[in-house]
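Input: a single structure, listed below in structure tokens.
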Amino acid sequence: MAPPAPAGSHPTSTEPLSRSIFRKFLLMLCSLLTSLYVFYCLAERCQTLSGPVVGRSGGGKEAGAPGRGVLAGGAGEPVAWPAVARRKRLLQVQPWPRRRPPALRDDGEVAAWEEEPPGLAGSPGGSGAGSSVSETPPGTLALLLDEGSKQLPQAIIIGVKKGGTRALLEFLRVHPDVRAVGAEPHFFDRSYDKGLAWYRDLMPRTLEGQITMEKTPSYFVTREAPARISAMSKDTKLLVVVRDPVTRAVSDYTQTLSKRPDIPSFESLAFRNRTAGLVDRAWSAIQIGLYAEHLERWLRHFPARQLLFVSGERLVRDPAGELGRVQDFLGLKRIISDKHFYFNQTKGFPCLKKAEGSGRPHCLGKTKGRPHPEIDGQVLRRLRDFYRPFNRKFYQMTGHDFGWDG
């Protein structure tokens, strides 16, 4: 029997207290490990860490990375483990938007956004504003976990400058199955010598069933672009946003005037001889609007069914209707609808109720709706007369009357 404790002393509790702290520590550690295990299982890392992800048979450049196996298949045939194919869309999260100060872009009215969408930082705009190029932030948890892959674009917005290409791209980015480069790569007109591997590296990662897109409006008027895009893939879908060529030319001039206030008047640039009414076709603002001539080059390399002509005017009046046509053309489910837009009375243009990566309304920037200089009515009439035969030929080639000659 233990001797009785001295009078006035208390029983020690050091040992039970230590055991209690140890038990709590073990409980917290087990909870943490369980949470991590559940997280990785939900992200399907349990399956992919133990086996190959994606590869190509045949030993080409697309073969699986070192340490990853490749399933047997035909030469150059893409293959994937079933666990990778069953990526869960419920894990999708929106990327954080990036704020930037308003800035002029070369595609003008439709180029500057008040909040920079995820994509390349800055842009070589429609007529050449330089910028740096960076990776589009991943838009899904699976992409954050290095899932998905970079693909060459299956669809390209090829034109036209000052037509509404930036608006179309930003509206399309609302669709969960569209992944697009934010700025203009200018690969097929300025950087073709850098090669397709460089071009593909600019693209965002995509999951199975998603479309990779880019837009560079100058492609439509670049002579080499049709053959180059066809060499990349004859199945590429091409979108062209067109606008009344007279209004487009004035808008083009307005943008240049905002950057170079000392340029000559619109009238002196548009005519070689105003008295004789001779239009200067060499001026780029006029030349871009000869849509039929540019289209002839594209039809030598692509069937008409692979080109969709989007009305720049209707994109303003009825964005949901025009986006419906675009979604059908791209083989996408019709998700973008009237509920995504509201008409901003101050700007006079449609805005997104909720842009990609943001829970707030989103409108095109301050350069959108820039007031045009006053142009003599006789000058505009002469330009309409000049464009009329080209417009009619374009209506015939596309099977659609855009109503620019009314």
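Heads up, the Cβ atoms here are built off N, Cα and C, so glycines get one too.
Whatever TrEMBL says is automated annotation, not expert-curated.
Since the structure is predicted, the reported quantities are computational estimates derived from the model, not experimental observations.
Listed in TrEMBL for this protein:
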ACT_SITE  LYS162  active site, for sulfotransferase activity
BINDING   LYS162, GLY163, GLY164, THR165, ARG166, ARG243, SER251, LYS368, GLY369, ARG370, PRO371, HIS372  3'-phosphoadenylyl sulfate binding site
DISULFID  CYS351-CYS363  disulfide bond
DOMAIN    153-393  domain 'Sulfotransferase'
REGION    115-140  region 'Disordered'
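In this structure, the C-alpha atom of ARG166 (3'-phosphoadenylyl sulfate binding site) lies 12 angstrom from that of CYS363 (disulfide bond). A simple way to gauge crowding: the CB of GLY164 (3'-phosphoadenylyl sulfate binding site) has 30 other CB atoms within 10 angstroms, across all the protein chains here. Closest to CYS363 (disulfide bond) by Cα-Cα distance, out of the recorded positions LYS162, GLY164, SER251, PRO371, is GLY164. On a Cα basis, SER251 (3'-phosphoadenylyl sulfate binding site) lies 7 Å away from LYS162 (active site, for sulfotransferase activity).
Sequence-distant neighbours of PRO371 (3'-phosphoadenylyl sulfate binding site) (same chain, 6+ apart, CB under 8 A from its CB) are THR254.
Note on the domain 'Sulfotransferase' (153-393): mean pLDDT across this stretch is 92.
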